[in-house]
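What follows is a single structure, written as structure tokens, with notes after it.
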Amino acid sequence: MEEKRYLKRKEKARSDGNRDQVAVSCNQLGDFYNQQGKYTDAVREYVQEAQIYASMGKELETAKAKRMVGEMYTLLCDYDAAKDHINDYLKIAKRLKNQVEEQRAYATLGRVHLLHGQSLADSSASGSMEQLKLAEKNFLRSLLLIKDLSGQISKLEQLDMQARCYLNIGVVKEHMEAFQESIEYIDKAIKISKTHELWDLTHLCYISMSLLYICKKNDATAALRFCNMALEVAKRFPNKVKKICETLITKAEILIKAGDFASAKQILTKAYKKNTPDENDRVNIEKQLRIVVKVCQTLDELVLTSSVDYAKLKGLYEKLGDGCCHLMNYEKALTYYQKMLENAELNQESGKSLVPIYVSLYQTYRDNGQFDKALEYLWKEFELNQDAPSEAFTTLCTIAEICEQQSHPFWTVHDVYQKALRQADKAGSCSDKLVKIAMVRLRRLMLKHNMQVLVENLEADATAKGIDLDQEESVGDDEEESDGGGTAVQQNTPDWDDDFDLATLTDSDASDLDETEKPRPQRTTRGNRTLVIKKNNKGETQLHQACISGNLELVRRLIDQGHTVNVRDHAGWLPLHEACNHGYREIVELLLDKGAASAINDKGGTSCDGITPLFDACSNGFLDVAELLLDRGADATVRTDYNETCIAGLDKWRQGAQLVDGEQAQYAQLRERLLRTLSKVGICSDKNARPLTNFNAKRISREERGSMSEEEDEEEALHESNRRSLSHNRSGSEYGAKKSKSSTQPSASKEYRSVMAHLKRPNRLNDDPPSTSTLNKHKRNAFLSEDEVDADNWLIDDVGPERKRKRINSGDLSRRTSKENFQDTALSLPANWEDDLLQATPENEYSQRQKQMRKLTLSRSSSMSSNHSSSATSSRKKHQATLLDSGFSRFRSESPLGSESSQDGTTSLISVRTIEPDSTTSTIQVLISPAKSSPIKVQATPVLATTVSFKVKIQDELLLVPIERKKLQDINIRWLAEEAGRRYNKLTGLTPLLRLKTADGFAYEETDPVSVALEQNMLMASILDWKISPLSQRYEEMCLQMQKTVDNKVKLLLERSQNNNMLELSGLWMRAEKTEPIFKALLHQARLTVLDLSCNFIGNEGCQQLAKSLPTLLQLKALRLQCNAIGSHGLEALLCGQGMDKLELLEELNLNQNPLGNASVRILSKYCASPAGQALTCLQLAQCELTELQDFDLGFNKLTRFDISFNQLTQQSVRRLTDQLNSCRLEQLNLSYVRWPLDDASGFALSERLVTLFEGGTCERFVGVQLAGCGLNDAHMYNISQHLAKAKQLQMLDISDNSNLSGTTLGYILDELPQLRDLLAVNCTNLLDDIRLQKLEQLKQLPRRLELTVDEQVFSMPGALETLQSIWQLQFGDKAKMLTTSNSRKIGRRYKGLLKLLADGSDAE
């Protein structure tokens, strides 16, 4: 309808001759088609618009229309056309000197290059990188222009442009795999957009960061954190439902990839029930949700299935694997399929029954890019299918396809197809069809490898069988797909998208309990009085507060009066979370009965780190609460956003607890219950197999703490500030429960002990149970009276919600945003009670209190509210606001103040509370009189903290250095730098020499007092040098630390390296466990220039160890890892590890004789393109199982020494290699034995490429050239020798195993290359004949070393070898020697074999 209206307007404008209106109509139609996804139609309209404006001379409008044409072509993936139109747009903008449009043009052009680079990522690595660099260049130009736009556009538009440029550059850096730079740029975009409330852009940045962490860094925790932030921003939009659903889709995908299907189900159900207006998103959500629901149902069934019912377990694991494949979580699918195979074997299944499992495994390994494993299971399937020729044929065709895809040698793939043909001949009725398919594919393979002779033979065979291969080529693929392995896939994969009533999902699946957006149910009671649900400034309702304080009766009354059960505070916590976190089992049970069961697996709001009530209970040691939740249906498989399971939280609590036998048994029983559930669904690892005891919990805790100082404990508390748990003293609670209920007035001794306990642990929960006298004294009404409501703590929020602080972890301190309860008790103590207390307090206890006070000041974990007084007469009236509402919190001060005498001469005691301030206030002490419940009116005096902590950043470590306030003027910056270095040493074992700077880079003098840095939020430390022990001493220290034996031979070599900065550990055949202390000792040995580890067995594991130290060897120029059993995974860990960009001087990389495989080529390309690879000039890859170099660039153009010998390269790879190598720079080149297959055609093609290589440059720098086994002939060698004649420093030439060479070549070499010292021509039997022997006599200069294969039968004259020997001795004197490899001449036979002619016999090997 809308389209017709636009078309009608366009026709009317055209008939009226109004070209302006026609252009406007074209623009409107183009926008309409763009929104509908009809990009071709949009292009047509925008082109018309541009033509009309161009004919009218309106250049700016023409430029804008061309930009839209370019954007449409971009969406159609026609990037070249898009670039043409946007470049036109850019030219017009420049001509008009319109900087705003010029900036937009550069940004648009950068986006086209970015998308083009993404599209080339899988096909052409070099092309992709080129496009990404162009994108970066254009985005940077766009960024530079923004600064010149001041005054032309508003400040907000300018900032929006700047932030978008930073985001775009960040995305480019992500695709260039410069992840750290990408994060830095996106962070800049986030800061600008958040500061200036550009929420749409902020949301986009958070989503980009989330995808970066999950897709590139595989860090689900960070990805979820950014996703949660995006979710908070999405709630600000007018179209928030659409944005929220988009964000929830991303969050669900992250959880699916992490294998947390229960959490993904909650998120997708929430998204489904929001009913996004975007149809594509709605279909995607529904499809994903159906699959996830079925996976969760299968997991539930799996938990209930007997562990010996192998047949049922096999079926369930198969369903789970299929579901994970549909969700594209192939890693998890492989885990389930392996378990399926295990259960099939336990069920005594064998033979054909295993085929579906092998099919599932190979398909999934193939989808996951693990082709070697896929081939392994394909061959197993083939072994079982040999009696079924058609199935065996399909399997072999798949094997050949994968081998061809992985660039396996031609003959390997050829042999597989030959086997397939033999199986096709046995296939009976479908034999002809299968033979056609095999022949078509085999012919395609031969043509790809230029096997013309084989193609002709195959076509002749096909013709003899009545098959026209040209005709069958077009239909071969269709028949293959219809008759191939598709049936097996369909049988193996159930229909996961069949009908399932999503409306049956309950609210418990939705986890969408944000009651603030829904009308609250209000219950009308007698007298039309209703319960008004109020929230304090933390968002806590009366029910939250009652659950925190453990008031069961109040909880029951609030619910009966209509209080919503599932209501969130500002941070996202439910009352159920609070009750579980504080361990009130009766309250938990009541809440579950009254409607909280729907939220039993709730993960809180976006600020709650995905913590469920069950995790709350487990991590705080409330075992009975955890058992209750499990009995009522809590899902133990739900993980937090930090990927922690309930069992991990339980074990973390157990490490800090001492349990008696009964408690230990309860803990072990609960743990076993959780472990049984988690292990069945494949979550728990073997390390969690045994429960902790008091003994090993202490040991583990000691190992984790190690040698941490008090201040490091504070650092740990800050580091864990985003986590939370409630410290709970179990023994104290039990003690409190045993007290006599009738005793309402404690004795003085008990009061004294209570005071001492609070002084020692000011943050500890009150262990005494709340007094029940008041509750028993009065009969409760059905309603809350005005006096029963703690009016001081309730303030109607008319300012807007204050973000509730996240729960934090501070060791033994409370790590919860909920308020702690303290009773303020009037103590009847003597007048000199202060002196007695101070004398009774040991010095170490005082220091312990100081430490805890510092922790409280640092963490400021929560605002802690007071309980009602236990006195029946204490009541408070409602005031407008209280200190607590202003953000203050309370805990007991470390020491009481002195008493004051009353007017009548009696002594009255004043109890003291220190109210912890927020960031804008000082500490306030409030004095409480025993005779009154209200504070005494005294002047509040600020009390400064006794210590000041400086934050210092050293590389990637953040340190806190506390200093007593009174010493600030006596300590200088030098002391602070030394102390920070000492603490860094405790963390890493290395001591740096530091210079401290401000955050913006201004350096302090060493003599400056430390007080000048008080205003700095963080100090940056630059490392001037390292205090490092000699390498051999470091090795001994590492061996001692790791409890390994010191190898004296290694130690001696390490000592030698100190003299020449070259560490040579070649030929020791050490494995990874032996090299680990060596690699740790290498950390920060910055003067080391050469590291030679040739001929060891470090493998991939050793590479991971070395990768930690390698970036710190800043002067390293040569890394030799020849013959170390290193694969592609080890190479990736080594070259793509964090910090490798700092290794900017590495010139030589020797990886010879390692099974790297083709997968390593991408890794090497990435490394060579990085800053660390820019200095690389020597690359050695001999015998590394390489066959296909694809389009990757290993920095060939800048190499001076290159060795890729003994790798069977394809002709296409050789062509690309010779095109990229630079003969102007090369000094050493080894291309021996790289051709494949070994036929005349490939030899000729390789020789032609070699000639092209030498012709492409000056060849002046060559010192050594090795071309053995390259299929060279005389013509090729003539051309090559002509070019090598320019290399005046040429020392060695190896042309061995080129059997087509004749004596003519030897003549060329001796004439053209007189500077040659070594000539190797082994197995070139036709090289030396009578003519060449005479030529040798005439030459004045010969190579000093000549290795030839000689056949005396070639010579017509007798005594050819004697003549040769005399020539040699005449040239080089008595030291010259001729060596043979057999004694045939001594027994009168003619000699045939290797002949070595040496100028100096002492050089003989």
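Just so it is clear, glycine is given a Cβ too, placed from its N, Cα and C backbone atoms.
Predicted, not measured: the structure shown is a model, and the values here were computed from it.
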Of Ser709, Ser814, Ser865, which does Swiss-Prot mark as phosphoserine?
Ser709
Write down the residue from Ser707, Ser847, Ser870, Ser875 that Swiss-Prot flags as phosphoserine.
Ser707
Looking at Swiss-Prot, which of Ser123, Ser350, Ser893 is flagged as phosphoserine?
Ser893
Which one of Ser725, Ser773, Ser874, Ser899 shows up in Swiss-Prot with the note phosphoserine?
Ser899
For which of Ser895, Ser934 does Swiss-Prot record the feature phosphoserine?
Ser895
Which of the listed positions, Ser742, Ser818, Ser902, does Swiss-Prot note as phosphoserine?
Ser902
With the cut-off at Cβ under 8 Å and a gap of six or more residues from its ends, the chain residues touching the repeat 'ANK 3' (609-638) are 224, 260-263, 299, 574, 576-577, 579-581, 583-585, 588-589, 592, 597, 599-603, 644-647, 649-650, 652-654, 657, 663, 666-667, 670, 673-674, 677-678, 681, 683, 722-728, 730, 806-807
Determine which recorded stretch among 1143-1166, 1186-1211, 1287-1311 has the most C-beta pairs below 8 angstroms with the repeat 'LRR 2' (439-465).
1186-1211
Using DSSP, what's the helix, strand and coil tally for the repeat 'TPR 5' (245-278)?
28 helix, 0 strand, 6 coil
